[in-house]
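Structure record follows, encoded as structure tokens.
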Amino acid sequence: MSGFDRRSFLKASMVTAAATALAACASSERATGTTPKAAGKSVMGLVVPKMDEVRVGLIGVGERGIGFVHHFSRIEGARITAICDTDTLVLARAEKAINEYGRDKPAYFSKGDHAYRDLLNRDDVDIVVIATPWAWHHPMAKEAMLAGKHAFVEVPMAGTIEELWDLVDTAELTQRNCMMMENVCYGRDELMVLNMVRQGLFGELLHGEAAYIHELRWQMKEIDRKTGSWRTAYHAKYNGNLYPTHGLGPVAQYMNINRGDRLDYLTSVSSPSLGRAAYAKREFPADHQRNQLKYIGGDMNTSLIKTVKGRSIMVQHDTTTPRPYSRHNLIQGTNGVFAGFPNRIALENGGSGSYHEWDENMDAWYAKYDHPLWTRMGKEAEENGGHGGMDFLMCWRMIYCLRNGEALDQDVYDGAAWSAVFPLSVASVGDRGNSKDFPDFTRGVWQTAKPLGIVG
């Protein structure tokens, strides 16, 4: 048997064995909230063999994915070896960028919706970065792991509880990373607050507030290409929090969710759905497809989460109403509070002298509590861009961990728990706000897992 044939045989054998084991995990259990039997061992704190060079395959290089072309082309120890996108225009843009960096020419794939499978079959791809429309996140991440690759997927990780369990099971079975790339966890402010929390500045944590408040009605004008061409339909199909992780991810890390505490249940309600129909009526002809949709998603959704330890988290979603951008980023403890947008802090023994007034002068707080990772890499991150540097820092950290044999900062359990707010909020809104339980995606490991440390 030739080397190529042997590799193909082993890969096919792995996929067959994995499919058989995953089939044994009853889909009915995944869907109903019963914890399914594990198909493999936990990947909490998973460390994989060090990689001298991390060979990157990119699936999706459009509005979001083109940033990854730039970031991985600039990071030492990373090499883009394959790129796939069904849109030849954005593929050509990615090729132009690669050439400008003077990097080795990667393989390109663009023929059909499943061309990404040609990328997955390559032996020169170690990790697969998925930046595609949401519906493709689950199947692509699963197939990447079954092909022996580590999967790095854009937010949200998947759209249903069953899909989230499927990714957890696949990661455990294959012993591959499946990281949902929540970039906001790498923002300067979020890292600073994480540092503050770990140093006990706020005392015992009680409550957090998170949000994705970002007016995006203009995306409705993207009909055939770009994000609005597929994202708009979600507002006509679901009533809940469509996009919870940007705000929730950092707050969950502050609270050591999945590492000493976990999300227990949520209750969710939505406001009336008025803004998108009004926008469509104002901006499009009466017979336009945007005016044919029945928008059911409330303009503002508010979900309240209770953790097993009794803490509370408010998570809001609004991409429709005219208001300033916010992720809230609030964390309240027994000794004080930090709130973002704009940044401010109040402590019982804080610098302002009174917790009845906000201290909005953050310079001194940055000087004392800037996260060591930002202190080390912040200047380079800002120079390379991506939402103020958080995107570059996230990519740098991914490569650093893989090259140095360290566990990633986010794992499949984090991505599953944070993404679960979407389907659970939809279920709660549809049930008059009655509470819905979060699955324990860790299968109890959260009780003994080490807290996420301060990494530099």
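Even glycines carry a Cβ here, placed using N, Cα and C.
Annotated signal peptide per Swiss-Prot: 1-33, in sequence order. What Swiss-Prot lists as NAD(+) binding site is E63, R64, D85, W134, A135, W136, H137, E154, V155, N183, Y243. Look at Swiss-Prot and you will find Y212, R231, Y243, P244, T245, H246, Y325 tagged as substrate binding site.
A map of Swiss-Prot features onto the structure.
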{"residue": "E63", "record": "NAD(+) binding site", "CB count, 10 Å": "13"}
{"residue": "D85", "record": "NAD(+) binding site", "CB count, 10 Å": "25"}
{"residue": "A135", "record": "NAD(+) binding site", "CB count, 10 Å": "13"}
{"residue": "V155", "record": "NAD(+) binding site", "CB count, 10 Å": "21"}
{"residue": "Y212", "record": "substrate binding site", "CB count, 10 Å": "25"}
{"residue": "R231", "record": "substrate binding site", "CB count, 10 Å": "18"}
{"residue": "P244", "record": "substrate binding site", "CB count, 10 Å": "28"}
{"residue": "T245", "record": "substrate binding site", "CB count, 10 Å": "29"}
{"residue": "H246", "record": "substrate binding site", "CB count, 10 Å": "23"}
{"residue": "Y325", "record": "substrate binding site", "CB count, 10 Å": "10"}
How many Å lie between the Cα of H137 (NAD(+) binding site) and the Cα of R231 (substrate binding site)?
14
Which residues, sitting 6 or more apart from Y243 (NAD(+) binding site) on the same chain, put a CB under 8 Å from its CB?
V155, P156, Y212, H317, T319, F422
One finds that other Cβ atoms within 10 Å of the Cβ of H137 (NAD(+) binding site) number exactly 26
For P244 (substrate binding site), which of the binding-site residues E63, D85, A135 has the nearest Cα in space?
A135
Out of R231, T245, H246, Y325, point to the one nearest E63 (NAD(+) binding site) in space (Cα versus Cα); all of them are binding-site residues in the record.
R231
Would you identify the secondary structure of H137 (NAD(+) binding site) according to DSSP, in three states?
helix
Between D85 (NAD(+) binding site) and T245 (substrate binding site): CA-CA distance (Å):
25
Between H246 (substrate binding site) and A135 (NAD(+) binding site), what C-alpha distance do you get in Å?
18
For substrate, whose listed binding residues are Y212, R231, Y243, P244, T245, H246, Y325, the greatest C-alpha pairwise distance in Å:
19
